[in-house]
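Undergrad: The following feature annotations were taken from Swiss-Prot:
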REGION    1-39  region 'Disordered'
COMPBIAS  1-10  compositional bias 'Basic and acidic residues'
TOPO_DOM  6-90  topological domain 'Cytoplasmic'
COMPBIAS  29-39  compositional bias 'Basic and acidic residues'
TRANSMEM  91-111  transmembrane segment
TOPO_DOM  112-134  topological domain 'Extracellular'
TRANSMEM  135-155  transmembrane segment
TOPO_DOM  156-291  topological domain 'Cytoplasmic'
REGION    217-238  region 'Disordered'
TRANSMEM  292-311  transmembrane segment
TOPO_DOM  312-323  topological domain 'Extracellular'
TRANSMEM  324-341  transmembrane segment
TOPO_DOM  342-776  topological domain 'Cytoplasmic'
ACT_SITE  ASP379  active site, 4-aspartylphosphate intermediate
BINDING   LYS490  ATP binding site
BINDING   ASP721, ASP725  Mg(2+) binding site
TRANSMEM  777-796  transmembrane segment
TOPO_DOM  797-806  topological domain 'Extracellular'
TRANSMEM  807-827  transmembrane segment
TOPO_DOM  828-847  topological domain 'Cytoplasmic'
TRANSMEM  848-870  transmembrane segment
TOPO_DOM  871-922  topological domain 'Extracellular'
TRANSMEM  923-942  transmembrane segment
TOPO_DOM  943-955  topological domain 'Cytoplasmic'
TRANSMEM  956-974  transmembrane segment
TOPO_DOM  975-989  topological domain 'Extracellular'
TRANSMEM  990-1010  transmembrane segment
TOPO_DOM  1011-1027  topological domain 'Cytoplasmic'
Amino acid sequence: MGVGDGRDQYELAAMSEQSGKKKSKNKKEKKEKDMDELKKEVDLDDHKLSLEELHHKYGTDLSKGLSNSRAEEILARDGPNALTPPPTTPEWVKFCKQMFGGFSMLLWTGAVLCFLAYGILAAMEDEPANDNLYLGVVLSAVVIITGCFSYYQDAKSSKIMDSFKNLVPQQALVVRDGEKKQINAEEVVIGDLVEVKGGDRIPADLRIISSHGCKVDNSSLTGESEPQTRSPDFSNDNPLETKNIAFFSTNCVEGTARGIVISTGDRTVMGRIATLASGLEVGRTPISIEIEHFIHIITGVAVFLGVSFLLLSLVLGYSWLEAVIFLIGIIVANVPEGLLATVTVCLTLTAKRMAKKNCLVKNLEAVETLGSTSTICSDKTGTLTQNRMTVAHMWFDNQIHEADTTENQSGTSFDRSSDTWASLARIAGLCNRAVFLAEQIDVPILKRDVAGDASESALLKCIELCCGSVKEMREKFTKVAEIPFNSTNKYQLSVHKIPSGGKESQHLLVMKGAPERILDRCATIMIQGKEQLLDDEIKESFQNAYLELGGLGERVLGFCHFYLPDEQFPEGFQFDADDVNFPTENLCFVGLMSMIDPPRAAVPDAVGKCRSAGIKVIMVTGDHPITAKAIAKGVGIISEGNETVEDIAARLNIPVNEVNPRDAKACVVHGGDLKDLSCEQLDDILKYHTEIVFARTSPQQKLIIVEGCQRTGAIVAVTGDGVNDSPALKKADIGVAMGIAGSDVSKQAADMILLDDNFASIVTGVEEGRLIFDNLKKSIAYTLTSNIPEITPFLFFIIANIPLPLGTVTILCIDLGTDMLPAISLAYEAAESDIMKRQPRNPKTDKLVNERLISIAYGQIGMIQALAGFFTYFVILAENGFLPPRLLGIRMNWDDKYINDLEDSYGQQWTYEQRKIVEFTCHTAFFTSIVIVQWADLIICKTRRNSVFQQGMKNKILIFGLFEETALAAFLSYCPGMDVALRMYPLKPNWWFCAFPYSLLIFIYDEIRKLILRRNPGGWMERETYY
């Protein structure tokens, strides 16, 4: 296999077999890379190859590297080692989406129709009325203002790739033609021989060929918090788990390594995640689907009414032009002009309220999505847990002791009086390379930053808390020799000089490491400060303790020591750590210490609240199944008494395959098994198990899990903080990133950021989301109701030929004036009592606007409001001499400018000017009547099920809204000059009271309806009227 085969081979390695067949022939094909391909597991085989095979595959000399000329050829062939930026949406397109999307389109249609109607009138008459022109201008202004507002609020942009750019290391050290040289990381090519050292970012995916104590931090990729050892050994079939592959853009924490580049740029594992995250089609938010559904209903009603009356007016003998003007009038009267602004303001208010509770919302519509969430897929590390390893248990003196893992050290403490504990603490402090960073004297011990790996940091903090300064301990026992931890012997050892006055020895050897390895090196054990022989009974006791702590998902370390005899190791003896010249066998075992990343304090309560709100919480983690299961039990994701298949098998003492999976409510799925599951099998797991943990998952699998949940009809929220979470965050209905620990990439992909990294904040978000949905329903019910008293005058004007009871300008004053603040005030309404006790809404059946809401608003309350308006209208005209029978069919003469002697019911003659003043006074009175009946409507819309008396009148904004709409109506009626500007005339005080009985009727009618609802849950009234 010669050098020339390289291209085919590494394509296969980086992209999996299928994509190897479909080589990217040109840029277009490269862009349309099959997303399903990216979702598959990384299919590398380079970690299985011997060094000889590697040399053949890549044509690289393992000591001299590639030649410069060969590297240039490969660079020309493959392009730079960089991530391809995704196509971004230009800002003007985003602006246009706000201007012409969804609800705005309805208003634009209304505006265009108004201009059209004005144009028709202008062509027909010399002095056309300006009403339609005003209406068109106002509608356009409403859309433009709210569009700009939304655009500024919604600054969610596709910066995902920008933050990936920050992950690209700037420089790389390569060996070419036998010489080491620093080059720009973008120039690294497949087959390059690269050297990395502690502190470097890895410039591409490498196959390690030699290493020296090398550890890498893979947390941004796999979610594992512990640094991972890297060596030339092939240790696992899974390329993400094996020790001989280091990944692009992860960090080398310590040691050095040399490796051959096996993939660059978009073909690296990180590149695949980047392409996956930026290429995912993001679904629409539930609220945008709801608003579209609502627009369809409103448009449907408007067009149906418009066309019906167009035909009716033609039958009644009106001309075509008049009929079209009527059609336009009816359609425009149906458009709730103020609703777009109301919805935007409601969402913004909630977003601000959530920001105060540590939830930063990037996308306004995401506010509501969280409320409809039915499944939360949560990352473990840092979200459910504190993201700091902490000593949880010790085993010494033949018993397990529990340490305090609470964040504020408020838990129980163990007995520290034993001499064995003193020895154990000394070993943990001395055989430990972690140190506190400088200048942190005032910082509490648990919050201090440490240089060193997670386990050693946990030991350092534990000993500092329990025994005082570790630094002083180390100064007292000076270190004279050390063997650092390595993966072959799995222990770390150091020799220390005992301060003068030591017992029979001047030197103490201390060792820690994998418990079984440490125990094998011991002949005695310390119990109550005294050494005794290690017999089978104690070994069994050790084994039980080790299994118990391991079963809790904890990382267990063993500790032993040995006093080196003076006759063999006198003062000044030269200890040699390379060619070991001191004993490492027959030591004295002291004890075990186990560490875990403990759950956050508020999480169990939050998980409980999710459960009572009908939300399923699934844990998805890159960590080990045992640890994941232990934390899941600790926080209540797996509740007490619920068993997995393995638990049932252990209890009944039968093989796992004999247990019926449906008997187990809980289940822990290993990423390795998930790979082999079909979509149907995954769907079954998600459907039939109520409590699920996915462990050892890869980024692609997180995405597959989210898609599985969505297939089963769930609305999914995903929390995460690593780069590995970004595809899932982007795909979820709502992605929630961590503000403190989260990587830039995850924050860009998410819709919401938890500023305090606390899972409990999500529950607050869910409550706020449900509340906004409820309150938007109430707001829409309130706004739509006044549509009926706005439309019916127009219909009677056409059918009964009466003078127009309500003009276009007055309709605008209601929709954009008096109704605005009350509708927005409903966003401040407190939650009804059952908000976190009910199941998540079903997006298919529980709509924002459903038939029942339309029936209540239009068919019931709206009709009573229309009666109130007509009652006032007929009262005023009757007082002026026109009794109802006289009004029928009078319209043609009434609107004729040249008739100045029209007789009323009593024979008085009216000029055109006088008639119009009475007509405009009627418009004003009809308008004030709507305001008065809207008082009752606003109060009944406060609740959907509870009585207003139960809910109370605590919403100050709503009370202010009631006064504001009344004051505005009075101002428009009585302010001098309004008769010219808006054709609104002052009213007699008694005309205000005509609508009061109707307002009272609305209130009583609705209170009785809600009483029946509460008395007969699920009954006819609920089925027909509960919206």
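Every residue gets a Cβ built from N, Cα and C, even glycine.
Give me the local environment of each listed feature.
TA: Regional average pLDDT for the topological domain 'Cytoplasmic' (6-90) in the model is 70.
Using a Cβ-Cβ cut-off under 8 Å and counting only residues 6 or more beyond its ends in the same chain, the topological domain 'Extracellular' (112-134) has close neighbours at 321, 324-325, 328-329, 331-332, 807-809, 812.
Listed by sequence, the residues of this chain that lie at least six past the ends of the transmembrane segment (135-155) yet keep a Cβ under 8 A from its Cβ atoms are 94-95, 98-99, 104, 107-108, 110-112, 114-115, 118, 332, 335, 337-338, 340-341, 344, 348, 351, 362-364, 808-809, 812, 816.
Secondary structure of the topological domain 'Cytoplasmic' (156-291) per DSSP, as helix, strand and coil residue counts: 33 helix, 49 strand, 54 coil.
Same-chain residues lying 6 or more positions outside the topological domain 'Extracellular' (312-323) and placing a CB less than 8 Å from one of its CB atoms are 120, 124, 798-799.
Non-local neighbours of the transmembrane segment (324-341) in the same chain are 103-104, 106-107, 109-110, 113-114, 116-117, 120-121, 132, 135, 138-139, 142-143, 145-146, 298, 301-303, 305-307, 309-310, 313, 318, 780, 783-784, 787, 790-791, 794-795, 798, 808, 811-812, 815-816, 819-820, 823; each lies 6+ residues outside the stretch with a CB under 8 Å from one of its CB atoms.
Counting every protein chain shown, 32 other Cβ atoms lie within 10 Å of the Cβ of ASP379 (active site, 4-aspartylphosphate intermediate). In the three-state DSSP scheme, ASP379 (active site, 4-aspartylphosphate intermediate) is classed as coil.
Around the Cβ of LYS490 (ATP binding site), a 10 Å sphere holds 13 further Cβ atoms from the protein chains shown.
In the three-state DSSP reading, ASP725 (Mg(2+) binding site) counts as helix.
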Undergrad: Tell me whether LYS490 (ATP binding site) sits in a helix, a strand or coil according to DSSP.
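TA: Assignment for LYS490 (ATP binding site) reads coil.
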Undergrad: For the transmembrane segment (990-1010) and the transmembrane segment (91-111), check the count of CB pairs under 8 Å (sequence separation 6 or more) and say whether it reaches 3 or more.
TA: no
Undergrad: Return the residue, from the listed binding-site residues ASP721, ASP725, with the maximum count of other C-beta atoms within 10 angstroms of its C-beta.
TA: ASP725
Undergrad: Looking only at residues six or more beyond either end of the transmembrane segment (91-111), which have a C-beta under 8 A from one in the stretch?
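TA: Here the qualifying positions are 135-137, 139-140, 142-144, 146-148, 150-151, 154, 157, 288, 291-292, 295, 298-299, 331-332, 335, 337, 339-340, 343.
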Undergrad: Cβ under 8 Å to the topological domain 'Cytoplasmic' (828-847), counting only same-chain residues 6 or more beyond its ends: which ones?
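TA: For the topological domain 'Cytoplasmic' (828-847), the nonlocal Cβ contacts are 286, 289-290, 293-294, 349, 371-374, 609, 612-615, 713, 715, 766-767, 770-771, 773-775, 778, 942-946, 951, 954-958.
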Undergrad: Determine, to the nearest whole angstrom, how far the Cα atom of LYS490 (ATP binding site) is from the Cα atom of ASP379 (active site, 4-aspartylphosphate intermediate).
TA: 30
Undergrad: Report, as numbers and ranges, which residues of the same chain sit near the topological domain 'Cytoplasmic' (943-955): CB under 8 Å and 6 or more residues beyond its ends.
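TA: Residues 774, 777-778, 825, 828-830, 832-834, 1007, 1010-1011, 1013-1014, 1026-1027.
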